[in-house]
Amino acid sequence: MSVFSASVTGARLATGFSLPVLVVLSLGFVAVPLTASPYVLEAILLPFLALSLAGLGLNLLTGYCGQVSLGSAAFMAVGAFAAYNFDLRTGLPIPVSIVLAALTAAVIGLVFGLPSLRLRGFYLAVSTLAAQFFVQWALTKFSWFSNGSPSGIIAAPVIELAGLRLDSAVGRYLFSLTIVTAITLLVHRIVSGPEGVNLIAVRDNETAAKVIGVPVLRTKLVAFALSSGIIGIAGVLWAFTYLRTVEPAGFNLDRSFQILFIVIIGGLATIRGTFLGAGLIVVFPLLLGRLSAFAFDGLIDAGLIKLIERIVLGGTIILFLIAEPNGLSAILSRLSARLRALVRRG
Amino acid sequence: MLSVLTGGLEAARLAQPPIAARVPELAPESIHAPHSALALEGVSLSFGGIHALRDVSFDLRPGEIRAVIGPNGAGKSSLVNVISGLYQADAGYIHLGGRRLRHLRPEALPKLGVARTFQNLALFPGLTVEQNVAAGLVFRRRHGLLAQLAGLPGARAEAAEVADRVRDVAGFLGITAHLHRLVSTLPYGLQKQVELARALVASPKVLLLDEPMAGMTATEKAEMAAHVRSARDRLGLATILIEHDIGVVMGLSDRIAVLDHGVKIADGTPPEVRRDPDVIRAYLGAEAA
Ligand SMILES: Nc1ncnc2c1ncn2[C@@H]1O[C@H](COP(=O)(O)OP(=O)(O)OP(=O)(O)O)[C@@H](O)[C@H]1O
Ligand SMILES: [Mg+2]
């Protein structure tokens, strides 16, 4: 590890992974495929993985580099449609199409990141809305992107790896988990290395960063490109492994806000927080749905139930922001510190 | 304020004698001579109707500690901001590294051998002390993101060099024990030291310090003053020091420039400045106001 790596808490094993990370990885790669029901995989884990990855991409940009974006769903859409078209038109292996899709999303992210060289905060956020509307418009307007499909909804290709068709829920889950794990490790390496210093320096004090020679403009553009590339891959996972269709409608402003909430609820500039935030955003509405079905079934109509759910969800987010602005990650830190203290006391 | 000035007399007597004698004598007309580390020539700067600087000429010799004093709003920070490219002068030139420039680009500062600190702390609270100081070396980095991620030997060697250099400077300023702490968790005085470390790590030739001792306790001030002096002695730095504590200024500086309402009203060795009637008037005036 480089000298820049942030101080490490907890034991590190010979592999360089901390114990909790190893536990989570072995649960994810071994226990879950053996035990999880198709429902859990399809309704919870697949969207969770795709949204976690999107959150990770946005956190790199917003949490680490301090650039607010409301265009995340646009870059998901770019990734999904680019992967679809590379697959359709080149016949390259799927992983190659995904890499090309990530590059496409990165380039488009770079272009929409250019205003960040001039704009800040609220104004930048508004300018990233341009990406959101432009991409959705282009994808609906030009049917070439959806291969001329009249509805604009197209079936995603089945993922094939070395002749192996990954169309079962477990297969898609493992594919998604592998990609998310690899990118998470990459992001960890980036943010704990010298580039992480640049990102946080730009976020914390742009003037000071500039005066000491941190390449501010380059750092912002790198953040936009990396972030959009990662979010692009998240879009591929969303379309190819979760929905199994590719369509512009799911990549709307609501989705962009959802990803922003994941980052805020989880905690800015924390990797594990992003996963916690995504977990909450995916699971909470399901729980709420169950609960309200149990409480109100037959009493009031389904539309009203949906509305109540949204209000409760919104209220929870607001409460959360007031009670713990540093997010779930901070809560976890406190809990584990308390736990460690208990263990020590015996 | 007059009492502050005479209080400064005592401090000056206690402190070691001014080092001006060590610095080669310069005739006044050689202000823009190539052997000054930095010079301003007729610099003016205004914000709307406010004249922050009026036709200020100023030079800084290699190895010299040059104080800039003056009442609040006199234009001291503006002077440093013009030198560091954050403000663009309406008129005048900056002489630096053998060149005569209208403006500087702040991004170019480190390569020109200029480092600075800020009147209000300008650290990166989300980074550790070590990372904050290492940020002062980013401008020299030769290996890009891909080389870092691939763990190329060159990139690793570079990281090790950076670590060594950070350690050296931290040792010099006595902050080694705090290297791994988040900088925002340190007391104010220590944060000021970290900011100095971040500036020194770049091995600048010119150091601009905007009130490095503001808000410090007397002990912390003495410590900071010792650091500024030994940085100069060891590294031959040319230092511009903005400071309100006249005692510190008298004890530490080789020469002092006095600004008032954007005008340089006096310039000379500490004893000269202390005797200057304009300076006494400006300080009395500031007190009466
Ligand atoms: N960015 C700015 N915009 C507008 N006016 C400014 C700006 N910076 C400085 N000024 C004005 O220029 C004048 C000089 O300010 P400056 O900050 O240089 O003073 P100073 O000598 O550093 O004061 P202090 O001792 O309070 O730090 C003041 O009147 C100030 O209000
Ligand atoms: Mg000032």
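Keep in mind that glycine also has a Cβ here, set from the backbone N, Cα and C atoms.
Just so you know, TrEMBL annotations never went through curation; they're auto-generated.
According to TrEMBL, the transmembrane segment annotation covers A:12-34 (among others).
Taken from TrEMBL, the feature transmembrane segment applies to A:40-61 (among others). Sequence-distant contacts of the transmembrane segment (A:40-61), counting only residues of its own chain at least 6 positions beyond either end whose CB sits under 8 Å from a CB of the stretch, comprise 32, 67, 69, 72, 75-76, 169-170, 172-173, 176-177, 179-180, 183-184, 187, 190-191, 199, 223-224, 226-231, 233-235, 237-238, 241-242, 258-260, 262-263, 266, 268-271, 273-275, 277-279, 281-283, 286.
Feature annotation from TrEMBL assigns transmembrane segment to A:68-86 (among others).
Outside the transmembrane segment (A:92-114) by six or more residues, the chain places 67, 71, 74-75, 78-80, 82-83, 86, 127-128, 130-131, 135, 157, 159-161, 179, 220-221, 223-233, 235-236, 240 with a CB less than 8 A from a CB of the stretch. According to TrEMBL, the feature transmembrane segment maps to A:92-114 (among others).
The transmembrane segment feature in TrEMBL is assigned to A:121-139 (among others).
Among the features that TrEMBL reports, transmembrane segment is placed at A:173-191 (among others).
Annotation comment: TrEMBL describes A:221-240 (among others) as transmembrane segment. Residues 46-47, 49-51, 53-54, 56-58, 60-61, 64-65, 67, 69, 72, 75-80, 82-84, 94, 98, 101-110, 112-114, 116-117, 156-157, 159, 172, 176, 179-180, 183, 187, 190, 195, 199, 202, 246-247, 250-251, 259 of the same chain lie 6 or more positions beyond the ends of the transmembrane segment (A:221-240) yet place their CB under 8 Å from a CB of it.
Long-range neighbours of the transmembrane segment (A:260-287) within the same chain, counting only residues 6 or more positions beyond its ends whose Cβ lies under 8 Å from a Cβ of the stretch, are 43-44, 47-48, 51-52, 54-56, 58-59, 62-64, 69-70, 72, 184, 187-188, 191, 200, 309, 313, 316-317, 320-321, 326-330, 332. Look at TrEMBL and you will find A:260-287 (among others) tagged as transmembrane segment.
The annotation transmembrane segment is assigned in TrEMBL to A:307-332 (among others).
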Beyond the flanks of the transmembrane segment (A:68-86) by at least 6 residues, Cβ under 8 Å: 54, 57-58, 61-62, 92, 94, 96-98, 100-102, 104-105, 108-109, 112, 121-122, 124-126, 128-132, 134-136, 139, 145-147, 154, 156-157, 227-228, 231-236, 238-240, 246, 248, 251-257, 259-260
